[in-house]
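**Q** Pulled these features from TrEMBL for this protein:
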- 1-28: region 'Disordered' (REGION)
- 8-22: compositional bias 'Low complexity' (COMPBIAS)
- 39-105: domain 'DUF1899' (DOMAIN)
- 165-207: repeat 'WD' (REPEAT)
- 208-240: repeat 'WD' (REPEAT)
- 435-485: region 'Disordered' (REGION)
- 459-471: compositional bias 'Basic and acidic residues' (COMPBIAS)
Amino acid sequence: MNKPQFPSFSKLSKSNLSSADSKSPRLPQKSNSAFLLLSLPGPSSSFRHLQGTVLHRSTHITNLRGLSLTTPGECDGFCANRLFVAAPLLSAGGQVAVWELSKPGRLADAAAMPTIQNGAPVSDLCWDPFDPRRLAIAGEDARIRLWRLGPEGLQETLLEPESVLRGHSEKVYSIRFHPLAADILASSSFDMSVRIWDLGNGKEAMKLDGHRDQIFSLAWSPDGRRLATVSKDGKVRVYDPRMGPEPLQEGPGPEGGRGARIVWVCGGNFLLVSGFDCRSERQLSLYGAESVSAGPLAVLGLDVAPSTLIPFYDPDTSLVFLTGKGDTRVFVYEIVPEAPFFLECNSFISNEPHKGLQFLPKTECDIREAEVARALRLRQGALEPLAFRVPRVKKDFFQDDLFPPTAISWEPALSAEAWLLGQDGQHRRLSLQPKGMVPVSEAPKEPPSRKYVPSSVYLEEKSDEQKKEEASISQDCFQGGEWAP
């Protein structure tokens, strides 16, 4: 059984063992208690035996050619939704290819594949979560272009975008759609600003300041009220864009300046940052969302590798999947709101490196097979589905402990105008229980296959003669207060 990973002893001052408001890098005074904690057995994840499996070749899209392998570190490399996959091509002019997931198989060699002609090298791209046919592409020319596919997908080369967002003065690094409000997009740029866009009118709605160097990553909170960033200036910042342009909180980020990612976890109560330490070791840092200035609650070192770990968080299971471009391994941890915070699960390991990973909505999972996550793995010339399943014996029943009602994240909870005016909302929930399946919590209890009888039933009562004989032997063996040989 895999043991949960505790914060390394060299970093105990940054863990929950130290005072929550202490900024000192020194070790705790009571180091013996720290050693005791490290020696005690900790909790284990119910997902520790998670199995990652590449699905059958008939589900793959193969013979991919001309993919760009030099996308910036702030970009995931490609993006996907339940219908389409988009990836930058190596061709000049910022071309982007689009494939339909409903049409797996080998792509034709000679066919002229229609593309999106972005007009500038691609720095990031993402699908609109509420409009599966709208794609936002950030370019190195400081512009963000919005493209719309037709009802049948990309049937012809697109030359003119639906709209162009202008405002940044330098290269745009990252773009993220709002998780609840339609037509709201956040972007970060080398001009060290974060801008919030109202796509309804194509204009900038807000500008966030405070960064003093390149912005590595940004992420919306699950409730859509706050925005978190991690920057090369070594800071983690939390904003409430509707309250003002300055950060509400600012705390120490990863020590290494090679790259970092940030994501909200545990219902928005914590922030998870993946980055590097001063020795180029990849590490995870967990912050309390309301106490970022106090530093991380726990720091977990993983390995030494050049690529930044990209986190993908599943709010239904609290599992985080982490991998980098060019990696052969996907780390998996369950994040819990108390020590030791990180519960290790089985990793997925492949013989071939991948160029990126994207996760699909929970509705794409095979619930009957206890599949808790479905990802798309992009390799050199193929796109293959990857299923993460929990081994279960009673597969005839709906595993309701693994599948709580999931958020209907593909429908907006409010409009852009409502959000900009200060309103908040939340997604409706959808049960994942397949029709005709009984929840495992309601399954009839099976009778024990064997009846256990106390051993006293099989033992006969000793006679008086046996008791006298045993007492005599004990007296002969114990002489003078010592046992005789």
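Here the Cβ of each residue, glycine as well, is placed from N, Cα and C on the backbone.
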**Q** In the same chain, which residue numbers or ranges, 6 or more beyond the ends of the repeat 'WD' (165-207), come under 8 angstroms Cβ to Cβ?
**A** 72, 74-75, 123-126, 128-130, 136, 138-146, 213-220, 222-224, 227, 229, 239, 241-242, 245, 409, 412-420, 424-427
**Q** Mind tallying the repeat 'WD' (208-240) by DSSP state, helix then strand then coil?
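**A** Secondary-structure breakdown of the repeat 'WD' (208-240): 0 helix, 17 strand, 16 coil.
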**Q** How do the residues of the domain 'DUF1899' (39-105) split into helix, strand and coil according to DSSP?
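**A** The breakdown for the domain 'DUF1899' (39-105) reads 4 helix, 22 strand, 41 coil.
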